[in-house]
Every structure is written in C-alpha cells, then in structure tokens.
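Student: Marked as domain 'AB hydrolase-1' by TrEMBL: 124-379. Among the features that TrEMBL reports, active site, charge relay system is placed at 202, 348, 379.
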C-alpha cells in the first residue's frame, strides 16, 4: 500500500493522476452532434435547403470542443489570445477605400484566392462584430477558409472602424445603405457580374440577417415593377447568407438584456469606449448631443449594457427615437428568400441560447432557413479540438459550395425543360 502511494506521489504518478482527472472533467464537454433545425414539412415538392444541408455535411456534423479550452469562458480567452496574435502579425489584406455619398470614408479589406481560382465562385462579404474590425480573429479565420475554397473575400469595416469617423453617424448594427454602396463601388467593380454571399458574426450577424431580408424584399419588388433606384439595380445578386452567433432581437428587452454576468459589464464598457470615447470629438460637435458619458449607468431601471446601448444610439445624427431605431434594425426572417443558415452555441454567454426561443417558429416557417446549434463553442468561430482550426468557417465554405451546386443543378434541369 505504501509503495503504491509512493508511486502515485512521484512526478510521473502525479502527471498521470492529473491527466486522468482532466480527462474525466473534459468528458463532461465531450463531442456532441450539431443539432440542425429545418422544417421541410412547410415545403411543397422538392426541398432545396434539405439537399443543401445534406451536401454540405451539416446534418452529420459533430463538434469536438478544444481539449484545453472547452468552456465558453475559456473559448473567449482563446479568442482574446488569437486577437493579440493577429494584432502583432502583418495584415493579410489589401484595402479599398469607399467614400460614401455623405462623404464618410469606409475601409473594405480584401483577401484574394490563389491564381487560377474558379471565376464562377461568388464573392464572400464579411460583416464584423460590434467591437472588432477586419483585423479580428473571426474575420481573419473566415477570410482564410473562404479564400482557400476559391472565393474572393471582402470585409466591410463599418463607420468608425479602421478609418476615422468624420461624420456624427454610426451604428453597431450597421446601415443597409452603406453596404449597398460597398457592394456597388467595390465588390461589383472588382468582380462584375459575380453573385455575393453575406456572412456576419455577432452584431454583424444581425446586420447580415437584416440586410439579406430587406434586400430580398426590395429587389423582388423592383424586379416585379421594373423600377428601383439606379443603385438598387447595380447591387450584385445575393446567392445566400450566414449569421454566426446572431442575437436576433435588437430591442432593449432582447439580446442585449439577456447577456450573462460579467459579460454584460464588459460589453457596457466596450460600447462606451467604441461609440463615445473613440469618436467623442466628432459627436461633441453636435449641438444636440446628449449629456456626458457617465449618464449611461444612471438610467433608472436599466441594465448597464442596455443603458449604454440606448445612450450611444442617440449620438448619431440619424437617431429619431428608440422605437424607430429598433424597428429599422430588426431583421424580418420571413422575408429572406435565399438559402440562409444560423450558427449558434447553446453555451454562448454573449448572444445567449434563450434568444433563439423567440424566433425558432419563424425559422421553421421559412423553407430557406436552417439553424445549426452547437452544444459548446461559446461566442466565436467554434475552435476545433487542438485550438488552431475553427469549425464555423469550414461549415460556411461547405454551405456556400452546396448552395452553388444545387443552384447549378436547378439551372441544368430548367434548361432541359
């Protein structure tokens, strides 16, 4: 007995004991099949989305959490480490500068596939998170994976990101008209005639969802009436869309209010820093600017991140009322008319899993939509087992390939009729 205890207390014995303990703990996060929600019963006849999910492998996807960072908190720490690495490394992009109609300059960062890539591949347009930019871990990971699959990739940096804010107009959920101009004056100029795929992460996921919904409706109406602005007619065709870690509900009682502690406090500080402190000189030039930033925590009955969320939207000269602001930025899932998938994690502390409950019926009611729910993965691109490769970008690349394949198949059938 003493000899056995002595062996356990040696360095190899302790290492084996700790390894066994860690393996037992990790087993509670063990791989789980990704749950796919898509109601094919609402489709009469052929179900294209079902075929897309089968071709892309989404229905057989199993996620193995990072063995040394399996929890949502550790995934966020891993994301932070990746952000630091990207910060010190040379930029992987080439840049276009698009000057919008109101004079604001915006940076569009491009990553190109290897020479000889298929010219029929759609252009992937990425929309970053609330406090990130093109030089963030999710954007770089998505860009590299889509680029490796042969797609040109453009990351649209919103107003006040990468380039200075020159006008008192900004929004963490983006402006649809800004993306219109980027698509026309950068994407269509570099790759005329190519369709686009709109992919968003976090706040950018809400942006991508709303944009695909509103532009699907607008372009359909313009096509039927043979009308529409010149800019609308120049917008490239949207092939499909993806939203990673979408919050869905943009109201003050929605995703922003459901964040876990201490994430909500951190988000409040980030909102204040990004949208007031960094651009305070621009916003202070407005005579109608609200009171000083410390007021964000003084709104009675409001959570700190909700108070910050409400405060900074008033800084923009486009603000009219809180109700109008939320109504204009709320995605309408029923209007999406192209294949679109949502990728969310059940353990996400930022856009929590409860956000899905209010929209699950809407997702299942639209045959163009599907929801992929990871049991683990936190808030980010769902880092793989060893912590180097991300899983969500691989899913995105395969999804785009499957959408293109099913579209080409339908075109061949139509040509034979």
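Just so it is clear, glycine is given a Cβ too, placed from its N, Cα and C backbone atoms.
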Student: How many Å separate the Cα atoms of residue 379 (active site, charge relay system) and residue 202 (active site, charge relay system)?
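Tutor: Each residue's Cα considered, residue 379 (active site, charge relay system) and residue 202 (active site, charge relay system) end up 8 Å apart.
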Student: So what's the average pLDDT for the domain 'AB hydrolase-1' (124-379)?
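Tutor: Across the domain 'AB hydrolase-1' (124-379), the average pLDDT comes out at 87.
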Student: What's the number of neighbouring CB atoms sitting within 10 A of the CB on residue 379 (active site, charge relay system)?
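Tutor: Within a 10 Å radius of the Cβ of residue 379 (active site, charge relay system) lie 25 other Cβ atoms.
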Student: Long-range same-chain neighbours of residue 348 (active site, charge relay system), Cβ under 8 Å, sequence gap at least 6?
Tutor: 72, 245, 377, 378, 379
Student: Within 10 angstroms of the C-beta of residue 202 (active site, charge relay system), what count of other C-beta atoms is obtained when all protein chains are considered?
Tutor: 27
